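Visitor: First the structure, then my questions, so here it is.
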Amino acid sequence: MAQRLLLRRFLTSVISRKPPQGVWASLTSTSLQTPPYNAGGLTGTPSPARTFHTTRVCSTTFNVQDGPDFQDRVVNSETPVVVDFHAQWCGPCKILGPRLEKMVAKQHGKVVMAKVDIDDHTDLAIEYEVSAVPTVLAIKNGDVVDKFVGIKDEDQLEAFLKKLIG
């Protein structure tokens with residue numbers, strides 16, 4: 001009840017305020033004015049036309065939603081897939097994840113990255129024998145072709161990706 005009263009007083013004081021006076025009043029009133037414009041286009045200057053560019057963003061990283069999604073987007077993928085098994089509470093995962101995403105993005109679509117949270121998808125973690133995080137799998141044509149556990153530097157990640165793409 002007291003919160004409603006306070007909110008009501010605040011809103012009425014904000015709404016009932018007078019416009020600013022003095023130097024700032026002249027600045028705000030002139031800067032907010034629009035030039036006169038005749039619908040016939042003979043007087044005044046219309047604002048320039050706005051252009052919007054709509055290009056499709058190609059994402060190289062995605063979060064796995066469930067088992068069928070993993071099957072469809074990872075196992076059945078024609079493109080090689082790097083699968084990052086991670087957890088929200090895992091410190092090393094927070095370091096490796098962005099590093100790995102950056103390295104995958106540099107491959108320009110030759111490889112994609114799937115992120116699997118082991119707390120949300122324990123069935124996938126068990127199926128792929130993930131015993132520690134971060135665990136990264138390289139999957140090509142539905143088969144695991146390489147794997148590592150822990151943090152790697154960028155040179156090691158690049159070699160890992162080249163081996164997968166190769």
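Glycine is no exception: its Cβ is also placed from the backbone N, Cα and C atoms.
Pulled from Swiss-Prot, these are the listed features:
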ACT_SITE  Cys90  active site, nucleophile
ACT_SITE  Cys93  active site, nucleophile
DISULFID  Cys90-Cys93  disulfide bond
DOMAIN    61-166  domain 'Thioredoxin'
MOD_RES   Lys152  N6-acetyllysine
MOD_RES   Lys152  N6-succinyllysine
SITE      Asp84  site 'Deprotonates C-terminal active site Cys'
SITE      Gly91  site 'Contributes to redox potential value'
SITE      Pro92  site 'Contributes to redox potential value'
TRANSIT   1-59  transit peptide
Visitor: Let me check the 10 A CB neighbour count of Cys93 (active site, nucleophile). How many other CB atoms are there?
Guide: 21
Visitor: By CA distance, which of the recorded positions (Cys90, Gly91, Pro92, Cys93, Lys152) lies nearest to Asp84 (site 'Deprotonates C-terminal active site Cys')?
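Guide: So, of the listed recorded positions, the one sitting closest to Asp84 (site 'Deprotonates C-terminal active site Cys') is Cys93.
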Visitor: Counting only residues 6+ away in sequence within the same chain, which have a CB under 8 Å from the CB of Cys90 (active site, nucleophile)?
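Guide: Once residues fewer than 6 apart are set aside, Cys90 (active site, nucleophile) is near Val133, Pro134.
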Visitor: If you draw a 10 Å sphere around the Cβ of Pro92 (site 'Contributes to redox potential value'), how many other Cβ atoms fall inside it, taking every protein chain shown into account?
Guide: 15
Visitor: Select one residue from Gly91, Lys152: among these recorded positions, choose the one with the most other Cβ atoms within 10 Å of its Cβ.
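Guide: That would be Lys152, with the highest Cβ count within 10 Å.
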Visitor: What's the CA to CA span in angstrom from Gly91 (site 'Contributes to redox potential value') over to Lys152 (N6-acetyllysine)?
Guide: 14
